[in-house]
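Enquirer: Questions regarding the structure given below will be posed in turn.
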Amino acid sequence: MEKARALEEQWPGARDAFHVPSYASLGLGDQTAAVRYLCGHSLGCMPRKTRGSVEAELSAWSARAVEAHVRHPGGTEWVNTDLPLVPQMARMVGASQQEVAVMGSLTANLNALLVAFYRPRGRRTKILLEKQVFPSDFHAFWNQAALHGLDPAATLVQVAPRAGEHTLRTEDIVAAIETHRAELALVCLPGVQYYTGQLLDMASIVAAARREPSIVVGFDLAHAVGNVQLQLHEWGADFACWCSYKYLNAGPGGIAGLFVHERHHGGTLPRLAGWWGTNAATRFEMRQTYDPLPDALGFRQSNPSVLDVAALRASLEVFEDFGGMERVRARSLALTGYLYELLTQSVFYRPEVGADGVGFTILTPANPAERGAQLSLLFWPHSDDPDKNTMPRVFADLRQNGVLGDERHPDVIRLTPCALYNTFMEVFESVQLLNAALERLAPESAV
């Protein structure tokens with residue numbers, strides 16, 4: 001406990017900038033105290049600035065209606081509502097302003113980018129992805145192959161962890177690229193793997209793929225943006241996309257973003273088109289000609305949701321106020337490092353899966369440079385009877401006692417201390433409560 005206090009003094013966060021759910025608000029009793037919210041990998045907490053930011057746009061709507069598009073009473077006119085966010089978002093992902101657009105939703109943006117960048121020709125048709133890919137991405141890849149008249153099952157090449165391992169090895173990804181070099185049209189992987197929390201070596205993956213100029217490289221950064229430092233331009237990725245409701249704290253279904261490297265600028269790439277991606281000077285002249293913006297903004301299709309932009313604006317201001325991603329990542333390394341330290345000191349922790357009795361291991365890499373904020377815990381023993389299975393019972397116990405992670409069936413709980421709003425004391429208390437939950441189950445496993 002003393003170490004937690006000392007670490008908090010050394011690494012102060014921005015807790016006061018956020019609303020954190022309480023026991024009472026979650027129906028867990030009448031306590032007004034905040035719970036230990038370790039679920040920012042799924043949905044980030046609401047910044048206190050958000051309500052005012054959104055209400056300002058509601059006020060503009062009520063006061064000026066359509067005229068707020070060009071004559072806003074106190075902020076950015078709606079025709080340009082997303083543009084002030086582009087420089088901030090570019091800093092978040094390590095890109096130039098011309099390489100980033102704030103738009104759409106994650107899978108919609110992924111599909112839009114695949115339309116532009118997945119161009120199968122001759123033998124070069126295959127898409128390299130991971131075996132544990134998030135289902136929405138898998139659906140996008142599968143259907144892109146089908147849209148091109150290809151057999152998706154034969155088109156998708158999936159790289160998996162080795163037998164007995166839980167995370168991908170960079171050398172295995174590189175080897176898969178080399179093996180299929182003559183057939184690959186696209187490599188598309190996560191920046192941070194959603195299930196295990198593994199941070200992939202994106203720089204090495206891009207370098208390996210780009211040894212063959214015909215291979216396009218893209219990333220789904222849903223679990224990376226706002227979590228780890230990114231250098232998309234420097235690494236040379238062709239494209240990337242991300243959401244904003246996890247580590248960016250922009251609210252459920254918040255507006256997303258995409259990156260298109262400057263070498264693809266010029267407006268010549270085929271794409272899903274819409275009027276918001278065309279020349280702003282002539283957009284409202286309703287011409288029946290297509291004059292796309294030359295940079296990432298040319299991938300926009302429709303005008304963005306003003307209320308979603310307002311929520312993202314509030315969140316990005318918190319990041320800026322805190323000092324940017326370098327400081328966020330530094331505090332995150334300390335927080336998750338402390339969580340890892342305490343978990344591995346638990347009497348129920350085992351380095352390997354399958355030990356006797358009740359226990360858990362950590363799927364996430366031990367090396368801090370190979371993970372973000374999230375740690376994924378695998379529990380045992382497993383039972384097909386959900387009332388007897390260890391993980392759901394531990395999860396329910398934790399929630400009842402004010403620790404909120406999330407469950408991934410059948411046996412994994414994900415816990416994420418977020419740098420902006422979680423505290424070292426919360427980490428300490430959460431591990432204490434986890435140990436207590438397992439202690440309550442231990443006598444049963446000994447029967």
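Using the three backbone atoms N, Cα and C, a Cβ is placed for every residue, glycine included.
OK, Swiss-Prot features for this one:
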BINDING   Leu106, Thr107, Phe134, Pro135, Ser136, Asp137, Asp220, His223, Tyr245, Trp275, Asn303  pyridoxal 5'-phosphate binding site
MOD_RES   Lys246  N6-(pyridoxal phosphate)lysine
Enquirer: Between Phe134 (pyridoxal 5'-phosphate binding site) and Lys246 (N6-(pyridoxal phosphate)lysine), what is the CA-CA distance rounded to a whole number of Å?
Expert: 15
Enquirer: Hey, what's the widest CA-to-CA gap across Leu106, Thr107, Phe134, Pro135, Ser136, Asp137, Asp220, His223, Tyr245, Trp275, Asn303, the pyridoxal 5'-phosphate contacts in the record, in Å?
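Expert: Looking at Leu106, Thr107, Phe134, Pro135, Ser136, Asp137, Asp220, His223, Tyr245, Trp275, Asn303 as a set, their Cα atoms extend up to 31 Å apart.
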Enquirer: For Asp220 (pyridoxal 5'-phosphate binding site), what is the secondary structure by DSSP, using just helix, strand and coil?
Expert: strand
Enquirer: Would you mind listing, in sequence order, the residues at least six apart from Tyr245 (pyridoxal 5'-phosphate binding site) in the same chain with a Cβ closer than 8 Å to its Cβ?
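Expert: Long-range Cβ contacts: Leu43, Gly44, Gly251, Pro252, Gly253, Gly254.
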Enquirer: Please determine which of the binding-site residues listed here (Ser136, Asn303) has the lowest count of neighbouring CB atoms within 10 Å.
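Expert: Each of the binding-site residues Ser136, Asn303 was scored; lowest Cβ tally within 10 Å is Ser136.
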Enquirer: Looking only at DSSP and grouping its letters into three states, which state does Leu106 (pyridoxal 5'-phosphate binding site) belong to?
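Expert: Leu106 (pyridoxal 5'-phosphate binding site) sits in a helix per DSSP.
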Enquirer: Cα distance, Leu106 (pyridoxal 5'-phosphate binding site) to Lys246 (N6-(pyridoxal phosphate)lysine), nearest Å?
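Expert: Cα-Cα distance, Lys246 (N6-(pyridoxal phosphate)lysine) to Leu106 (pyridoxal 5'-phosphate binding site): 12 Å.
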